[in-house]
Amino acid sequence: MNIISVGVNHKTAPIEIRERISLSEVQNKEFITGLISSGLAHEAMVVSTCNRTELYVVPAIYEVNGEFLKEYLISFKDARKEVRPEHFFSRFYCGTARHIFEVASAIDSLVLGEGQILGQVKNAYRIAAETQCAGILITRLCHTAFSVAKKVKTKTKIMEGAVSVSYAAVELAQKIFSNLSMKKVLLVGAGETGELAAKHMFQKNARNIVITNRTLSKAETLAEELGTNKVLPFETFREHLHEFDIIITAISTKEYVLNEAEMHQSMIKRRLKPVIILDLGLPRNVDPDVSKLQNMFLKDIDALKHIIDKNLEKRSRELPKVNAIIEEELIAFGQWINTLKVRPTIVDLQSKFIEIKEKELERYRYKVSEEELQRMEHLTDRILKKILHHPIKMLKAPIDTTDSIPSRVNLVRNVFDLEEPNQSH
């Protein structure tokens with residue numbers, strides 16, 4: 001009845017080890033189906049992302065423990081030269097449940113509250129379910145984890161506030177202008193940072209986005225993705241600066257892309273209508289003296305990182321609330337696990353009494369009418385329900401320090417003379 005979690009993540013191993021041990025979707029399917037078909041596991045699932053590769057396994061035999069699974073994965077990836085068992089963590093029983101609840105609720109992420117991980121856990125479960133590798137335990141474990149994540153998102157602020165430079169820039173623009181749908185945006189640079197900023201802008205309802213890049217085709221590709229199809233040649237974009245309410249720069253350069261003189265002329269043409277410049281470049285893309293101009297709001301990476309740090313601090317203050325939700329769900333999950341342990345005894349107990357009832361009724365089958373026999377059957381059913389109520393309730397009750405599930409099971413089986421159940425997961 002054990003659930004083992006074994007894996008590497010950003011806390012236990014450097015990126016080169018995480019890259020070496022990660023599994024593609026094809027490898028994921030091959031790995032978990034191999035565990036099942038070889039008789040090593042009843043159930044298996046793998047969560048594999050850039051920051052973690054984690055196995056969740058219900059062993060089929062005693063020999064399948066944490067150390068076995070570490071070696072099994074290392075061997076599967078042919079990574080014995082690079083990867084060592086000490087790069088792994090191991091969790092068991094409720095420790096496994098706690099871990100996946102923390103992962104799904106984004107408090108085990110590299111960036112606290114980063115919500116992308118929930119989708120990755122859901123994808124891992126989808127793969128396990130589609131390959132018939134997710135049985136009753138992993139299915140319940142995952143659905144409880146999804147429920148935990150939903151409660152954490154709705155009842156805490158752990159995922160609120162920008163914690164990336166590009167998203168912080170967009171949030172700042174929204175705070176200043178409120179309605180971005182009415183604003184015209186210029187993106188200078190179509191690299192990874194610029195692309196993220198543009199997509200965040202689009203999510204905040206900014207639709208009038210114009211893109212310029214040294215390589216025009218790259219700007220055109222991003223514009224097509226956003227559905228704007230609005231680009232400017234890099235050589236001439238400065239002629240249009242006055243048209244924009246928000247300017248985002250994210251380009252690799254040793255010289256300033258925008259200087260004070262250019263922006264001064266732009267502001268004259270704009271009749272001093274406010275402009276936000278979000279400088280996401282490193283080195284900086286915009287001359288700091290631009291901030292001296294009237295109605296010109298310039299924010300660079302350092303200013304945005306200050307916002308990010310404050311948001312991370314706010315998220316950290318939500319951790320006690322998140323942990324309280326996890327603890328509550330852990331108790332419920334543990335109680336459910338306990339019901340699985342007592343289920344065979346409950347079934348055997350009910351079966352024995354039903355068998356006794358049917359034998360006794362059979363003795364009267366030809367001595368009474370069919371109508372009377374049915375009344376007797378209904379009566380004995382009610383009696384059996386009342387007789388079995390207390391022992392079943394006792395088996396299902398939460399455990400405390402004075403007893404255990406095995407002791408309860410043994411007591412009931414001895415009192416009612418039940419045969420030992422067949423061992424299965």
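From the backbone N, Cα and C atoms, a Cβ is placed for every residue, glycine too.
According to Swiss-Prot, the protein has these features:
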- Thr49, Cys50, Asn51, Arg52, Ser109, Glu114, Gly115, Gln116, Gln120: substrate binding site (BINDING)
- Cys50: active site, nucleophile (ACT_SITE)
- His99: site 'Important for activity' (SITE)
- Gly189, Ala190, Gly191, Glu192, Thr193, Gly194: NADP(+) binding site (BINDING)
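Structural mapping of features recorded in Swiss-Prot.
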residue: Thr49; record: substrate binding site; CB count, 10 Å: 21
residue: His99; record: site 'Important for activity'; CB count, 10 Å: 21
residue: Gly115; record: substrate binding site; CB count, 10 Å: 15
residue: Gln120; record: substrate binding site; CB count, 10 Å: 17
residue: Gly189; record: NADP(+) binding site; CB count, 10 Å: 28
residue: Ala190; record: NADP(+) binding site; CB count, 10 Å: 26
residue: Gly191; record: NADP(+) binding site; CB count, 10 Å: 15
residue: Glu192; record: NADP(+) binding site; CB count, 10 Å: 10
residue: Thr193; record: NADP(+) binding site; CB count, 10 Å: 22
residue: Gly194; record: NADP(+) binding site; CB count, 10 Å: 25
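According to its DSSP assignment, Gly194 (NADP(+) binding site) is helical. Residues Leu187, Glu195, Leu196, Ala197, Asn213, Ala250, Ile251 surround the recorded NADP(+) site, their Cβ atoms falling within 8 Å of the Cβ centroid of Gly189, Ala190, Gly191, Glu192, Thr193, Gly194, which are themselves excluded. A C-beta separation below 8 Å, combined with a sequence spacing of at least six in one chain, links Cys50 (active site, nucleophile) to Arg18, Glu19, Ser22. The number of other Cβ atoms within 10 Å of the Cβ belonging to Asn51 (substrate binding site), over all protein chains shown, comes to 21. Counting only the Cα atoms, the space from Gln120 (substrate binding site) to His99 (site 'Important for activity') is about 15 angstrom. Each of Leu110, Ile117 belongs to the same chain as Thr49, Cys50, Asn51, Arg52, Ser109, Glu114, Gly115, Gln116, Gln120, is absent from that list, and has a C-beta within 8 angstroms of the C-beta centroid marking the substrate site. The distance from the Cα of Glu192 (NADP(+) binding site) to the Cα of Asn51 (substrate binding site) comes to 19 Å. For the substrate site, whose annotated binding residues are Thr49, Cys50, Asn51, Arg52, Ser109, Glu114, Gly115, Gln116, Gln120, the maximal Cα to Cα separation is 15 Å. Cβ neighbour count for Ser109 (substrate binding site) (all protein chains, 10 Å cutoff from its Cβ): 20. Checked against Ser109 (substrate binding site) by C-alpha proximity, the binding-site residues Gly189, Gly191, Thr193, Gly194 yield Thr193 as the nearest. Counting in whole angstrom, Thr49 (substrate binding site) lies 16 from His99 (site 'Important for activity') by their C-alpha atoms. Take the Cα of Gly115 (substrate binding site) and measure to each of the binding-site residues Gly189, Ala190, Gly191, Thr193, Gly194: the nearest one is Thr193.
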